[in-house]
Amino acid sequence: MAFLRSVSCLAAAVFAVGTGIGLPTAAGEPNAAPAACPYKVSTPPAVDSSEVPAAGEPPLPLVVPPTPVGGNALGGCGIITAPGSAPAPGDVSAEAWLVADLDSGAVIAARDPHGRHRPASVIKVLVAMASINTLTLNKSVAGTADDAAVEGTKVGVNTGGTYTVNQLLHGLLMHSGNDAAYALARQLGGMPAALEKINLLAAKLGGRDTRVATPSGLDGPGMSTSAYDIGLFYRYAWQNPVFADIVATRTFDFPGHGDHPGYELENDNQLLYNYPGALGGKTGYTDDAGQTFVGAANRDGRRLMTVLLHGTRQPIPPWEQAAHLLDYGFNTPAGTQIGTLIEPDPSLMSTDRNPADRQRVDPQAAARISAADALPVRVGVAVIGALIVFGLIMVARAMNRRPQH
């Protein structure tokens with residue numbers, strides 16, 4: 001009987017593990033935010049009508065995780081530094097920023113890292129990585145009138161022009177071409193499909209504050225991200241050699257179309273030209289987002305990056321604010337840490353187009369598999385467990401039927 005009781009306990013345990021019954025599930029309170037953290041739930045009020053949907057109501061704010069992703073200290077919305085560290089630079093106007101180690105994922109210092117803001121063009125990293133992961137770089141793409149008609153910064157994509165995915169990526173990342181973003185979105189399946197893929201990538205990278213409404217970063221209904229999420233996205237991107245090479249490129253020959261000749265495209269990131277060891281990054285601006293910026297640099301083998309959201313050009317330009325934050329990070333001892341940029345979902349590893357440069361996956365990353373991906377695994381475990389338990393029960397019954405000597 002003791003053996004049978006053990007088998008019963010084993011059966012219950014296997015069933016619980018296989019189905020997920022009894023395991024805690026993530027929950028959040030989308031409307032619970034301390035008064036001191038005004039952007040914990042929603043982005044700042046818009047200054048124009050660009051986010052008003054054509055019909056219906058705007059989407060509800062994203063659910064706030066019950067605990068801050070990356071560590072409890074990152075739940076603060078003031079300036080957060082490690083104990084004993086020097087004060088952060090005082091000339092950074094961005095309302096949210098972050099300094100982190102590109103290789104270890106250690107967050108060195110931050111301000112309101114999970115505060116929700118609009119990304120502007122720094123969100124183009126997701127279009128770039130979705131394209132790098134799924135498209136062939138030398139694939140030819142015909143420009144369209146819709147590409148040329150997009151609002152904002154453009155690099156010259158138009159009817160009569162043919163561009164490779166690689167050329168579009170350079171136009172996207174070096175000079176923030178919104179026309180290049182829309183051309184790549186067409187290659188990802190068209191606007192609805194592209195946005196679905198981009199948002200899925202953001203989710204698999206751990207971005208719980210991010211909803212992408214446009215591939216270019218132009219403001220749209222429900223557009224949202226955080227300095228922490230942007231840090232996740234760019235850490236992932238910089239481990240890809242195609243991305244790293246493009247954002248570090250200063251000039252590139254971009255093709256023309258029709259009677260319009262090709263020209264030399266210049267990288268618009270001033271950090272690349274003015275900061276020793278700069279690895280590049282991305283600029284951004286819209287009326288609602290304000291100034292946004294991402295930059296990274298290598299100093300004596302230590303690679304750091306910084307993210308700035310909802311900033312201004314005062315008292316110094318965003319790239320100089322980023323430079324001061326990078327200086328601050330490099331002046332802190334290696335190992336200084338207030339939180340962590342979590343590892344991406346393991347499923348991203350199988351779609352990496354550069355297997356020699358794949359990221360490390362820690363044990364915690366395996367726990368972040370999505371519910372949809374986890375369901376077949378749980379069902380399989382439950383079936384196998386049931387067969388094992390059935391076999392053990394049959395063995396136990398056979399033992400009980402044996403004659404006693």
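Cβ coordinates come from backbone N, Cα and C, glycine included.
If you check Swiss-Prot, you get these features:
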type	residues	note
ACT_SITE	SER121	active site, acyl-ester intermediate
ACT_SITE	LYS124	active site, proton acceptor
ACT_SITE	SER176	active site
MOD_RES	THR336	phosphothreonine
SIGNAL	1-32	signal peptide
TRANSMEM	375-395	transmembrane segment
Cα-to-Cα gap, THR336 (phosphothreonine) vs LYS124 (active site, proton acceptor), nearest whole Å: 30
Local Cβ density at THR336 (phosphothreonine) - other Cβ atoms counted within 10 Å: 19
Neighbour tally for the residue listed as 'active site', based on other Cβ positions within 10 Å of its Cβ: 25
DSSP state at the residue listed as 'active site, acyl-ester intermediate', helix/strand/coil: helix
Nonlocal neighbours by CB distance (under 8 Å) for the residue listed as 'active site, acyl-ester intermediate', same chain, sequence gap 6 or more: THR153, SER176, SER216, GLY217, LYS282, THR283, GLY284, TYR285, THR292
